[in-house]
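Here's the structure, in C-alpha cells; my notes come after.
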Amino acid sequence: MQIVNNISDVRKIIKQWQREGLSVGFVPTMGYLHEGHASLIEAANKENAKVVVSIFVNPIQFGPKEDLDKYPRDLERDSKIVETSGGDLIFNPSPSEMYTEDFSSFVEVNSLTDGLCGAKRPGHFKGVCTVVTKLFNIVTPDKAYFGEKDAQQLAVIKKMVRDLNIPVEIIGCPIIRENDGLAKSSRNVYLNSEERAAALVLSKSLEKAKEALKSGERSSEKIRDIIMGTLSSEPLAQIDYVEIVDSISLTSIDYIENSILIAIAVFIGKTRLIDNFTFKL
Ligand code: PAF
C-alpha cells in the first residue's frame, strides 16, 4: 500500500494500472477513518482490481464557524485501516496541491442542495461537488463509493455525475452503527461521555418513526412530531432539522406514499450529528 501526496504521481500510477486493464475503485474521505469507511473500502475491494482512498480535509466545504481546524487527523492510524480493509493507494494531497492560489472554478448542483444540510450549511455542497469533481478527474475511477449516512451528499453526487456525464458509477453503502445504534462518524470523537450517551437520541428517534411507519402512520406531520418529541426529551440535544422528503427529489412531502428519506441533524453540545433512513412503500 502506498501513500502519494501529489497529483502527477497518483495519475502516473493509476494510468499504469489502467493500461494493464485493471479496474479502479475509489473511496473519497476526509480521514480519521472508522468502520463506516472500512466498509466502503471493503466493498470497493470486492468489485475492483485496485482501490484508491483519498484522505483530504477539504477546506472549501467548511463554513467560517465550522470545525475545519479541529477536524481530527491521524494519517498513521488511517493507513493501517486502509491497508487492512484492502486499499492499494492513499492519495493524501496538501490543500495547496488541490487549490492553487488563483483557484477560481467551482461546481454547483442546484435544487437538490436547497434543503436539509444544504440550507443549514451554505456553500457546503459547492465545496463537496468541486472537490469530488477534482478527485474524479485525478483518479478517473470506474466506481466510487459513498456512505448512505450522508444521504443528501450521495443524492447530489449521483445527480452531478449524471448531469455532467462524468464516467464513474456511484455506489451507495449502508450506514454502519455502533452496537447501541449511534451512526459511526469521525465527529463522534468530539463527544464527551455524557454527550456520547445523549447522542443515542438520534437513532432512538428514528427507530420510533420507523415503528410508526410500520404500523401504518402516513402523515409526515405526525412522524415529524414523534421524532421531535423524542429529540426534545434529551436536554443536551438541540435540533437543527428534522425533514421528511421524497428520496429522489429531496422535496418535503405531507403524505407518505412513495419512497421517502427521513433525515435529521442535531447538535449534541457543540457537535453536529446527522442520521437518516429511507422508507419504501
Ligand atoms: O463525505 C466526506 O467525507 C466528504 O464530504 C468527501 C466526499 C470526502 C468530500 O470532501
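Every residue gets a Cβ built from N, Cα and C, even glycine.
Quick look at what TrEMBL lists:
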type     : residues                      : note
ACT_SITE : H37                           : active site, proton donor
BINDING  : 30-37, 147-150, I176, 184-187 : ATP binding site
BINDING  : Q61                           : beta-alanine binding site
BINDING  : Q61, Q153                     : (R)-pantoate binding site
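When the Cα of I176 (ATP binding site) is compared against those of the recorded positions H37, Q61, Q153, the shortest separation belongs to H37.
Remark: of the binding-site residues Q61, Q153, S186, the most isolated position is S186 (fewest other Cβ atoms within 10 Å of its Cβ).
When the binding-site residues M30, E148, I176, S186 are checked against ligand 1, M30 have a Cβ within less than 6 Å of one of its atoms.
L33 (ATP binding site) sits 18 Å from Q153 ((R)-pantoate binding site), taking the CA atoms of both as reference points.
Checked against Q61 (beta-alanine binding site), the recorded positions G36, H37, E148, Q153 differ in C-alpha distance, with Q153 being the nearest. When the Cα atoms are compared, H37 (active site, proton donor) and M30 (ATP binding site) turn out to be 10 Å apart.
Proximity of E148 (ATP binding site) to non-local residues of its own chain (separation of 6 or more, Cβ distance below 8 Å) is seen for L154, G172, C173, P174, I175, N276, T278, given in sequence order. Residue density at I176 (ATP binding site): 18 other Cβ atoms are found within 10 A of its Cβ, drawing on all protein chains shown. Take the recorded positions M30, L33, G36, H37: by the count of other Cβ atoms within 10 Å of each Cβ, the lowest one is M30. Distance noted between the C-alpha atoms of G36 (ATP binding site) and Q153 ((R)-pantoate binding site) is 15 Å.
Here the C-alpha separation of M30 (ATP binding site) and Q153 ((R)-pantoate binding site) works out to 14 Å.
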